[in-house]
Number of protein chains: 2
Amino acid sequence: MEELVGLREGSSGNPVTLRELWSPCPRIRRGIRDGLEWLKQKLFREGEDWHLLMTLGVLMALVSYAMNFVIGRVVRAHKWLYREIGDSHLLRYLSWTVYPVALVSFSSGFSQSITPFSGGSGIPELKTILSGVILEDYLDIKNFGAKVVGLTCTLASGSTVFLGKVGPFVHLSVMIAAYLSRVRTKAVRESENRSKQKEMLVAAAAVGVATVFAAPFSGVLFSIEVMSSHYTVWDYWWSFFAATCGAFMFRLLAVFNSEQETITSLFKTSFRVDVPFDLPEIFFFVVLGAICGILSCAYLFCQRTFLHFIRTNRFTSKLLATSKPVYSTLVTLVLASITYPPGVGRFMASRLSMKEHLDSLFDNNSWALISWNSTPPWPAEPDSQNLWFEWYHPQFTIFGTLAFFLVMKFWMLILATTIPIPAGYFMPIFIFGAAIGRLLGEALSVAFPKGILAGGVTYPIIPGGYALAGAAAFSGAVTHTISTAILAFELTGQIVHALPVLMAVLAANAIAQSCQPSFYDGTIIVKKLPYLPWIRGRSINSHCVTVEHFMSCAITTLAKDTLLEEVVKVVTSTEVAKYPLVESKESQILVGIVRRDQLVQALQAEPPSWAPERQQCLQDILAGACPVEPVTLQLSPETSLHQAHSLFQLMNLQSLFVTSQGRAVGFVSWVELKKAISNVTNPPAPK
Amino acid sequence: MEELVGLREGSSGNPVTLRELWSPCPRIRRGIRDGLEWLKQKLFREGEDWHLLMTLGVLMALVSYAMNFVIGRVVRAHKWLYREIGDSHLLRYLSWTVYPVALVSFSSGFSQSITPFSGGSGIPELKTILSGVILEDYLDIKNFGAKVVGLTCTLASGSTVFLGKVGPFVHLSVMIAAYLSRVRTKAVRESENRSKQKEMLVAAAAVGVATVFAAPFSGVLFSIEVMSSHYTVWDYWWSFFAATCGAFMFRLLAVFNSEQETITSLFKTSFRVDVPFDLPEIFFFVVLGAICGILSCAYLFCQRTFLHFIRTNRFTSKLLATSKPVYSTLVTLVLASITYPPGVGRFMASRLSMKEHLDSLFDNNSWALISWNSTPPWPAEPDSQNLWFEWYHPQFTIFGTLAFFLVMKFWMLILATTIPIPAGYFMPIFIFGAAIGRLLGEALSVAFPKGILAGGVTYPIIPGGYALAGAAAFSGAVTHTISTAILAFELTGQIVHALPVLMAVLAANAIAQSCQPSFYDGTIIVKKLPYLPWIRGRSINSHCVTVEHFMSCAITTLAKDTLLEEVVKVVTSTEVAKYPLVESKESQILVGIVRRDQLVQALQAEPPSWAPERQQCLQDILAGACPVEPVTLQLSPETSLHQAHSLFQLMNLQSLFVTSQGRAVGFVSWVELKKAISNVTNPPAPK
């Protein structure tokens with residue numbers, strides 16, 4: 001078309017395009033075109049990639065929904081099989097156990113055969129990635145399929161294995177985000193790419209949570225609390241946008257598939273709104289928080305110890321190293337045998353799915369008070385209208401089953417977390433907390449059967465409210481987050497318990513944070529991933545520590561006038577990734593940084609010319625093959641530990657050189673910082 | 001007692017204290033004492049001041065509640081006066097107008113006579129303080145009384161002046177926090193104090209919001225979004241703790257005072273829970289968000305322009321400078337005359353208080369559909385059961401009154417923000433947004449009178465849901481925050497509209513943020529407070545800009561070997577606060593920083609000894625009276641604009657020196673950064 005225009009213009013001198021001659025109202029059309037162009041410029045402004053974030057949200061919602069759909073079908077098939085197989089105990093037992101065992105061993109074998117990174121939740125690794133460490137291949141899109149298939153199998157084995165979805169979903173979401181941002185920024189310079197990519201990854205983590213729970217607020221806040229130590233309000237904005245797109249799409253699909261009338265929350269509750277709780281109940285909510293905090297410490301300690309044991313014990317470590325599916329099979333068989341409903345499973349409501357567990361625990365009524373008067377039956381199948389019948393046992397009563405559930409699930413959960421399959425550990429903890437809260441709530445409803453007197457009307461105590469608070473408090477304590485409170489509200493669609501739940505969460509966190517590292521930090525410690533601890537306690541002496549006290553002075557500088565011979569010697573004798581380049585051997589003034597790999601390349605490319613007349617020195621090869629990186633940030637010996645720590649955390653740094661009056665005098669990396677922080681927090685005993 | 005012990009020990013050799021002889025079970029007592037000591041150490045660990053934060057929350061809650069109490073009494077007295085004064089129009093008009101005029105002029109006169117800092121909301125100033133600028137005396141506790149009294153008077157004038165409470169409350173809270181942390185840390189070193197103080201101030205801002213709205217979540221998130229550009233998760237934790245204490249105490253007082261049965265939200269709504277909205281309504285929610293975004297841009301533009309006009313116009317600026325109460329009186333008289341209920345006020349529901357405004361706008365029913373069938377009366381006084389009668393006019397209908405309300409309040413609000421009294425501007429904006437939403441909601445309920453068909457049942461459209469979304473979206477757009485959505489849920493105690501409200505807020509923010517600075521940023525710009533803008537657009541060229549391009553090279557270095565004569569010359573001819581100290585004139589190697597004031601002192605203290613044998617140089621006085629501060633952070637010419645920007649924002653810096661290979665070559669402060677950012681965002685036109 002452009003050529004045609006050119007032709008016409010050339011022949012007549014009056015620039016009219018063919019298209020203009022053909023179509024009416026050229027001005028209006030041009031106006032519209034300009035308007036569209038303006039809109040396009042405004043929307044697709046360089047550097048703002050809301051469309052990528054939207055794509056990410058929609059994609060993850062589709063994946064999440066499709067996964068739920070498949071899982072639902074597989075679980076239904078399992079239920080059908082278990083129901084139809086007849087009354088023979090052996091057959092029933094086999095149909096109950098073989099299904100999850102097969103699924104989990106397949107999940108373990110399949111995902112591990114494709115990539116070793118697909119196991120676990122992935123959040124600890126993402127935390128270290130977001131703090132600036134580069135874990136090669138961990139975000140490779142190739143692992144996506146393995147993790148999706150593995151996770152689907154894990155979740156399809158249902159409440160037997162009792163594992164969740166959040167962690168792997170965050171990992172999946174971040175994988176897609178990394179892929180999308182890599183595709184987009186082929187042409188863009190690296191420095192921009194890095195900052196943009198971080199933005200994308202932070203938002204992706206929020207999307208991961210939001211598309212599992214259809215909860216954009218808690219998605220954003222939870223991912224911030226778990227992943228980052230610092231965040232920028234700008235990232236927060238984009239995270240909200242992406243998470244909302246994801247959550248909306250996820251719920252939209254449910255409406256389109258006629259599962260829901262309209263967009264609602266996942267675990268809708270119907271707590272009384274008028275007087276949901278009385279003022280003195282606040283005390284019990286805080287007590288519940290404290291109990292959850294103490295139990296979470298016990299859980300975290302046992303979990304970390306057991307994980308460490310599994311990794312160091314000769315037998316299990318060998319089994320895990322060579323034949324992961326065998327280990328998975330064994331563990332799943334144990335778990336499935338215990339949950340076999342006509343056996344021990346009868347006492348722990350094992351016929352309920354995880355969603356049904358939550359639905360029943362958040363139930364409005366007091367089971368204890370109802371079962372006081374009439375004995376509910378144990379139906380042949382869980383009654384969807386009265387899910388709580390599963391929790392009732394004539395001899396044990398509901399207190400027995402709830403307590404038994406807590407005791408058994410405590411170690412079963414710890415055992416389940418060691419299975420090398422893609423699985424999330426948040427949801428089981430959430431349900432465990434709900435059971436704690438329910439137990440206390442039921443006890444209170446029995447202790448105070450007259451309930452609350454307000455305005456002349458008596459209202460019974462709602463144990464479901466305690467279950468809600470317990471879920472938020474226990475999961476908050478285990479993960480060291482507060483946003484689980486908002487998650488509880490978003491999941492149930494009710495916010496009437498706002499203050500008591502928040503207070504329970506705060507109480508639980510106060511205890512857990514002062515005694516144990518979080519679930520994710522604990523995993524980081526056991527897996528020995530690099531991470532930077534907080535400066536806790538903030539005692540006075542931490543402010544006296546400066547870089548001078550902890551920097552590593554053992555640096556090998558390369559002077560511009562170093563002879564190539566010596567450079568070769570230095571390069572072969574040391575193993576660092578970067579060398580500080582100094583002006584001359586005497587002055588030691590830092591002028592730049594030379595990367596070891598590039599230096600080695602340059603040295604190899606350089607023809608050896610050991611001519612006696614003039615020996616080549618480092619400066620001669622710097623101009624060519626080996627570029628000098630500028631020093632953009634540097635520390636001084638007087639920089640305080642706090643400043644250095646903030647700098648590393650905020651700018652996602654790996655290492656920095658220390659200069660004093662321009663001279664390179666030392667070097668600080670994570671290792672030095674970590675040591676300094678641990679010295680400040682736990683001062684070494686004086687000898 | 002210790003002496004007595006010593007005496008006994010000396011005489012018998014067996015160390016038994018008198019107390020031990022007197023009291024039974026010394027071991028148990030000692031055990032208890034040790035336990036208490038351990039608990040005390042654990043709780044009052046050095047550097048963790050949860051007790052200060054709790055005190056802060058409780059104090060602010062008390063202040064907030066007491067203020068509400070007094071305001072309630074004053075407003076009731078005004079209502080009584082207006083009711084009892086008889087039917088004479090003149091008397092009624094006088095009783096309506098004189099009251100607010102007197103209150104506002106007193107508020108203006110009283111608070112301004114004590115301190116000029118007490119006017120306005122205070123949030124813009126706090127924002128600059130939290131970003132590292134030191135505004136002298138702004139947080140002085142002496143201003144507390146002035147602001148409290150002034151704010152009480154402002155709020156007592158009710159919906160006539162139509163101003164809120166949040167901003168000043170944040171300021172009050174931060175004042176107390178600054179006072180508390182100053183009292184605590186008399187002994188602690190400065191560096192720790194600074195970081196701890198920031199923690200306290202951030203938490204205090206959250207407490208301010210939380211104690212006004214009894215909303216801890218949105219208190220924390222709103223204060224983060226408004227105040228900070230970066231946030232540490234550690235601060236977030238403490239903010240939640242303090243905000244929860246404040247919000248709990250605030251609501252507890254209401255229960256103790258028998259205003260409430262139990263702890264509930266402030267503006268409790270009773271929206272339908274089953275099917276609160278249909279899927280297609282999401283579209284209208286987003287449209288509402290877009291409308292709110294556009295209107296917020298208009299509001300922000302007009303507000304900023306008018307404020308600028310008031311400050312530059314010869315007449316008004318003179319009036320404001322010399323006699324603020326006169327200006328306040330005039331403006332309040334205009335506002336009160338317009339809201340006179342038998343006059344124009346009839347068409348804008350001016351008899352309702354601000355709380356009643358919100359309560360009525362969040363009403364469950366569709367006014368349009370009800371008034372279709374029956375004409376509600378205009379009662380002699382607002383009917384607390386049917387507050388919406390105030391919004392109905394037989395000729396105008398509710399659409400007319402709502403539209404009139406919006407048009408009038410638009411400029412009245414802008415006018416009210418110029419009155420120099422302590423006042424918050426968030427609540428009026430929130431109500432304004434609710435009215436926008438209500439108007440759209442009512443229109444929809446008329447357009448679709450058949451409502452929503454779901455599961456065979458028809459549900460009417462809830463205009464109150466639109467009012468909620470409108471309030472969140474408009475206030476979010478004006479303040480550039482998203483957490484107003486959570487605020488809307490916490491205020492109403494219902495979260496059923498989670499997704500639509502969030503989508504409306506995002507849509508409104510997308511428009512407002514891309515067109516106008518926020519309300520607080522706009523005030524910062526008009527008041528010419530120092531602040532650092534974001535690097536917007538993030539275009540590619542912003543990543544090529546390095547410190548070299550924008551640093552100020554005009555630095556005056558002082559060499560150690562400079563003669564005192566020359567030093568005096570330099571000090572008298574320049575006006576900077578800090579001088580870079582370099583090793584020698586030739587090398588220009590930066591070794592430290594000398595403060596001007598200390599240098600001047602040292603020079604004055606030095607006896608003039610212009611002896612010919614040896615001239616004194618700078619080095620001689622450095623050891624004594626004038627200390628050299630170490631350089632803890634420095635920039636390189638190669639540091640990118642983005643890095644420098646992050647560094648300034650994250651570490652709350654004022655200025656940094658630039659060194660190249662150790663030599664001091666330049667200087668970067670906010671001024672240079674701001675200029676560089678504005679050049680990147682709006683590149684200067686090529687000449």
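Including glycine, each Cβ sits where the backbone N, Cα and C put it.
What TrEMBL says about this protein:
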type	residues	note
DOMAIN	A:551-609	domain 'CBS'
TRANSMEM	A:50-70	transmembrane segment
TRANSMEM	A:201-224	transmembrane segment
TRANSMEM	A:236-256	transmembrane segment
TRANSMEM	A:282-306	transmembrane segment
TRANSMEM	A:326-345	transmembrane segment
TRANSMEM	A:396-419	transmembrane segment
TRANSMEM	A:425-444	transmembrane segment
TRANSMEM	A:465-489	transmembrane segment
TRANSMEM	A:495-512	transmembrane segment
Structural state census, the domain 'CBS' (A:551-609) (DSSP three-state): 20 helix, 16 strand, 23 coil
Long-range neighbours of the transmembrane segment (A:201-224), counting only residues six or more past its ends (CB under 8 A): 53, 56-57, 60-61, 63-64, 126, 129-130, 165-166, 169-174, 176-178, 231, 235-236, 238-247, 249-251, 265-266, 424, 479, 481-484, 486-487, 490-491
Intrachain neighbours beyond the transmembrane segment (A:50-70), with Cβ under 8 angstroms and 6 or more residues off its ends: 43-44, 148, 151-152, 155-156, 165, 169, 172-173, 176-177, 180-181, 184, 200, 203-204, 207-208, 210-212, 238, 241-250, 252-254, 257
Cβ contacts the transmembrane segment (A:425-444)/the transmembrane segment (A:236-256), at least three under 8 Å, sequence gap 6 or more: no
Whole-number mean of pLDDT values that fall within the domain 'CBS' (A:551-609): 81
Beyond the flanks of the transmembrane segment (A:396-419) by at least 6 residues, Cβ under 8 Å: 104, 108, 161-163, 299, 302-303, 306-307, 310, 327-328, 331-332, 334-335, 338, 344, 347-349, 367-368, 371, 388, 425, 428-429, 432, 435-436, 438-439, 442-443
